[in-house]
Every structure is written in C-alpha cells, then in structure tokens.
Amino acid sequence: MSTMAGIQGQILEVTVVGCQKLKDTEWFSRQDPYVVLEYSGTRHRTRTCTDGGKNAVFQEKFVFSLLEGLRDLKVAVWNSNTLSTDDFIGNATIQLQKVLSQGYDDCTWTLQTKTGRYAGEVRLILHYAGAKKQNYGSAPSAPPYAPQAPHYSAPPAPSPYSSPPYSGPSPYPQGQYSQPQSAYPPASAYPPQPSAYPPPPSSAYPPAPSAYPPGPSAYPPPPPSSAYPPPPYPPQPSPYYPQGPYPGQYPPPPY
C-alpha cells in the first residue's frame, strides 16, 4: 500500500495496558504474569505484576524501529516463578496494517495456548507518527485546471415554412426622432382585393316616391290661416252680391 511504504527506520510506540481473563497456571497461589514483545529480533519485557492473577495491569510503553517488509508484532504472556522455569500462558500475533495506515490502533487481542486454546486477552495501544506524513506525501494532487473548449452543436436546419431573415437595407430612415409618429388606422401594404359579392345598395335621399298614391282623407283640409297677398283696404265690393239702390240710408225709403 502506498500509505505503508517507506517505514524503514520509522518509530513505532507500543503501550502494554494490561491483561484479563488469563489462564491460571498456579495451583496453590496467585500467578505473577508479565508480557514480552518481539519485533525484528528486538525484545522488550514488562515488569512482573506480582499476584496479578488472571487480571494484570502494566501501563508500560516501548519503542521499536520499524523494518521494511515486516508488519506484525509478537506478544507473549508468562508467569514468573522463583524456583522453577516460568510458565507460558499464551501468545498472539499483532497485525500492524491499521496503525501504519491510520497512525493509531487501540485493540484487545486474544491469546492462545500452544494447542490453540483460549488463554485470555491482552490490550495494546500502538502509535505511528509517520502515517500522517506519508498520507500527505502520497496523496494524489489535483490535476491542473484546463478549461475545456465549449461544445457547439450544429445550427438547426431552416424551416421550409419560415421566411428567410431580411438582409436588405432598412426601410426606415436612420434619422433621430424626438417622438415616433403613429398612424391610425395603419395603412395596409397591399391593395384591397375585389369582393366576390356585390356591395349593398347605398341609401338615397330624398326617398323614392311610393308606387301607391295616398288614399283620400276622410276630413276636409283646414282653411288656410292667412292669404297672401293680403286684400286691399278698404274692401272692394264683391262682384257676387249687388249693392242696394240706397246704400248707406236707414230705414230704406218706402216704395
């Protein structure tokens, strides 16, 4: 892995926190366990936890120099004896992939006997300071920014139903006008087409005389209010009534 390359000579810190549920190798007294770490021929041993029994606490830190290609740590737990050889309790192989890639690992590992049986657990905390540097150095850099040329699509084909754009000179003068003049109604650009129907007859005045004469009135017409020219003054003798022989005398003379 790229994040785990170049560990040669780097420092690995291992803290032995403690053990629990250990296999008891003593019959009459409490056992005295201790832990041994081994990496690339280098061994580190914790102090003996006197009368630790099945649960022992150590809280001890050790430092190893990493070797390229070796990515596991051996751990073994023993019971210390004074008059005889120490008793083997159990061991485990710690994988270093997580601590080398992330820089930190806090985990409890299961111990096994020589026959592969459960022998308890051991808790280790591992630190590797070179993981952050390698992560920064091996992180791929962003590619340089290169603006892509815009993709243009072909212009749409002209529609057979639409008229082509007018490219001739403008029919309007280029002069500036303070206020546009409008005409209402707008003049049509084309002459009016002849109508297929005859136009309606126009009204004529005065109206035509009726084809039928008016009927006679049942009442005589009223006399005229005045006569023109006016009669002369004094009134003239009427030619229809003769004058008396004695005009102007009253009573008339006897016959």
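Any Cβ shown, glycine's included, is placed from N, Cα and C.
Feature list (source: TrEMBL):
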type     : residues : note
COMPBIAS : 141-172  : compositional bias 'Pro residues'
COMPBIAS : 173-187  : compositional bias 'Low complexity'
COMPBIAS : 188-255  : compositional bias 'Pro residues'
DOMAIN   : 1-110    : domain 'C2'
REGION   : 136-255  : region 'Disordered'
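Counting residues of the domain 'C2' (1-110) by DSSP class, helix then strand then coil, yields 9 helix, 55 strand, 46 coil. For the domain 'C2' (1-110), the model's pLDDT averages out at 92.
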